[in-house]
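Presented below is the structure to which this report refers.
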Amino acid sequence: MRPTPDLRCYFITGHGSHEHIVDVARRAVAGGARTVQVRSKPITARELYALTEAVALAVGETAHVLVDDRVDIALALRHRGLPVHGVHVGQDDLPVRDVRALLGEEAIIGLTTGTRELVEAANEHAEVLDYIGAGPFRPTPTKDSGRPPLGVEGYRELVELSRLPVVAIGDVTADDAPALADTGVAGLAVVRGLMESADPTGYARRLITGFGEGRQ
């Protein structure tokens, strides 16, 4: 039986030295982040392998650590017994059923979406997925998805349509947490807010508090 991830504060790593990224991950998890996706493009496979290993050793016993796109890296690190819990894949990556077959039933697998059509397509594979990411919430400099921003109201429709928990992504900040939580999303993915914060622990706590307020 695979674990149910806590997606409320979902940290996605950004650009920076490996030391800085690991430090931010550790501090974000101290503030309550319970899912960490290692994604620092552009990066070589070996660099991503080393970074994921470092993040997993730092926080993998407390938070679920996912690898962006690279199923092979997740497989290799899991084979070594490291606390790497799964992957997040995009629309152009391996088919999710093949990812599940490779990683096994206990791995966490997320998929990028952001339109009605993509959510409906994800619903067809709901039994092999754990959640979907949907965005962008607003335009973001960290990733150009080619999809129009959803805004707050765009999430209500996707949450209602989805058979899976939905994570909002795309320049989400802690200030957005109450309004986005009110739409029914399961969590908020944050890159810059945590990477650039002088206090990632406090930032994560503020986001989780705001998320709880939006759910009341």
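A Cβ is built for glycine as well, from the same backbone N, Cα and C atoms used for every other residue.
Record features, source Swiss-Prot:
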- Gln37, Val38, Arg39, Ser40, Lys41, Asp68, Thr112, Lys143: 4-amino-2-methyl-5-(diphosphooxymethyl)pyrimidine binding site (BINDING)
- Asp69, Asp93: Mg(2+) binding site (BINDING)
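Known features from Swiss-Prot, placed on the structure.
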| residue | record | DSSP (3 states) |
| --- | --- | --- |
| Gln37 | 4-amino-2-methyl-5-(diphosphooxymethyl)pyrimidine binding site | strand |
| Asp68 | 4-amino-2-methyl-5-(diphosphooxymethyl)pyrimidine binding site | strand |
| Asp93 | Mg(2+) binding site | coil |
| Thr112 | 4-amino-2-methyl-5-(diphosphooxymethyl)pyrimidine binding site | strand |
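The subset of binding-site residues (Arg39, Ser40, Lys41) lying with their Cα within 10 Å of the Cα of Asp69 (Mg(2+) binding site) consists of Arg39, given in sequence order. Cα of Ser40 (4-amino-2-methyl-5-(diphosphooxymethyl)pyrimidine binding site) to Cα of Asp93 (Mg(2+) binding site): a span of 17 Å. Put simply, Asp93 (Mg(2+) binding site) is 10 Å from Thr112 (4-amino-2-methyl-5-(diphosphooxymethyl)pyrimidine binding site) when counted between their Cα atoms. Most other Cβ atoms within 10 A: among the binding-site residues Arg39, Lys41, that distinction falls to Arg39.
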